[in-house]
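Copied over from Swiss-Prot:
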- Cys231: active site, nucleophile (ACT_SITE)
- Cys124, Cys125, Cys205, Cys208: [4Fe-4S] cluster binding site (BINDING)
Amino acid sequence: MAAKPKPLDAEIEALELDARYGHLAAEAIVELAVNRFRDEGGIATVSSFGADSAVLLHMVASVDKSLPVLFLDTGQHFGETIEYRDQLASDLGLSNLVVVHPKSEMLSARDPGNDLHKSDSDLCCEIRKVEPMARAVEPYSAWFTGRKRHQAESRAQMPVFEAVGPRIRINPLARWTTADQAAYMRANDLRENPLVAYGYLSIGCFPCTQPVKPGEDQRSGRWAGLAKTECGIHLPGLEALTNAA
């Protein structure tokens, strides 16, 4: 039986990968990461099927349409997002969509009225996103995200390869701009989440998402009026859970 990867091993590997490959084009990063990790613990991609999701999914599909695509169904997504998820997966021929749900017992105990977001948005995200995310990535050695540095100040220094506990998180689009995103969407005739047309430039659960006002950053419509800027699936809370996995 192979030894379980240790967080320090992942930290060293992520630094080495970022130094060696972090400068490459996004498509090249996706291809080399799939080839590296597919048979070494496995690799998946996490997607919200939100405003910017189509680009990374198209790149993944170009390499391996059977790669697991992990979608966190919080139970509070816009109906448009669920419909878009199914349409885009069909467009791209993605054959391994994995839908992950919150634990029903946690919802019953902590959010029986489906209104926890009003009183404790952090706990709501922990139950509906962070804990399910930790379960979703547990079988894999690495996973892709579509995060970009320009999206928010909290992401400005984000590396392409980074360690999360004993696993590697890969952000192939880290250096991309909104112009890069738009050009790729046009060049490949990719379907867009219909909510984008209504000003939703970052799309999460419907109670905590609103259209972005002119001049604001893309994620300003998330948890508007709160200091909160991330749901937690990209923060240290996830690392603590994945370390325990």
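The backbone N, Cα and C atoms fix where each Cβ goes, and this holds for glycine too.
Features recorded in Swiss-Prot, as mapped to the structure shown.
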residue : record                        : CB count, 10 Å
Cys124  : [4Fe-4S] cluster binding site : 26
Cys125  : [4Fe-4S] cluster binding site : 26
Cys205  : [4Fe-4S] cluster binding site : 22
Cys208  : [4Fe-4S] cluster binding site : 19
